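Straight from TrEMBL, the features:
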DOMAIN    9-198  domain 'Thymidylate kinase-like'
BINDING   11, 12, 13, 14, 15, 16, 17, 18  ATP binding site
Ligand SMILES: Nc1ncnc2c1ncn2[C@@H]1O[C@H](COP(=O)(O)OP(=O)(O)OP(=O)(O)O)[C@@H](O)[C@H]1O
Ligand SMILES: Cc1cn([C@H]2C[C@H](O)[C@@H](COP(=O)(O)O)O2)c(=O)[nH]c1=O
């Protein structure tokens, strides 16, 4: 069975994920590489509703565990309906956030137990892990200031700076635990420089997979 390449983008608020995903997708298009782009929470009708509930209703009380379970429900649907089928077609899947965001935000940020999160995530995804994760690292104060230029903050963006600092540290700890999967990038580099680094990594990964005969 052919197997595509699963790429995720992670990082604190305003780190530049959306910007870099758009640039990567343009390069994939120009090169004629079959791909899809999706995001969490979202990517399916259920995921879009979860996004509405967890992010866009700022006054809604959502405790940490139900918050995580809502993200997990969105993830389970996305993996089953969108990500796995695309990978089985041999495509590149580019996803804006995935399970590492739960470990960073609900684990490091909210204080939920990492073992519990990992267990439920495994059930939600059938153990599907990204092949390559770009972590755009940035001081959360800088990222939140960037995000503020987009308009009204969502429920997570309203959380205090200490929360966002724990999230950043959580992401960096994950990257240290899995150096082969993670590529940590400096979110303060210019968009052009980041685009170049990301494309070089993706081309290298695609070349390696083709050599192994997986695509
Ligand atoms: N490398 C960069 N340097 C300076 N500004 C940037 C850079 N990349 C993106 N920006 C700007 O920062 C803001 C946030 O960027 P973007 O939406 O790509 O981040 P994001 O990581 O997707 O954010 P979020 O997770 O909050 O949705 C935008 O105004 C964008 O133009
Ligand atoms: C997948 C996932 C996301 N989050 C948070 C992180 C962000 O604050 C929002 C997503 O907004 P974006 O503008 O699309 O980046 O949701 C989370 O807390 N836990 C998760 O698992």
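Glycine is treated like the rest: Cβ placed from N, Cα and C.
The structure displayed is predicted, hence computed values, not measured ones.
In sequence order, 136, 138, 143, 146, 147, 187 are the residues of the same chain, not among 11, 12, 13, 14, 15, 16, 17, 18, whose CB sits within 8 A of the CB centroid for the ATP site. Taking Cβ-Cβ distances under 8 Å and a sequence separation of 6 or more, the neighbours of residue 14 (ATP binding site) in its chain are 138, 142, 143, 144, 145, 146, 147. Between the listed binding-site residues, namely 11, 12, 16, the fewest other CB atoms within 10 angstroms of a CB are found at 16. Within the same chain, residues at least 6 positions away in sequence whose Cβ sits under 8 Å from that of residue 15 (ATP binding site) are 136, 137, 138, 143, 187.
Contacts of residue 13 (ATP binding site) defined by a Cβ separation under 8 A and a same-chain sequence distance of 6+ are given as 140, 143, 144, 146, 147, 156, 157, 164, in order along the sequence.
Listed in sequence order, the residues of the same chain lying 6 or more apart from residue 18 (ATP binding site) and placing their CB within less than 8 Å of its CB are 96. Counting every protein chain shown, 21 other Cβ atoms lie within 10 Å of the Cβ of residue 17 (ATP binding site).
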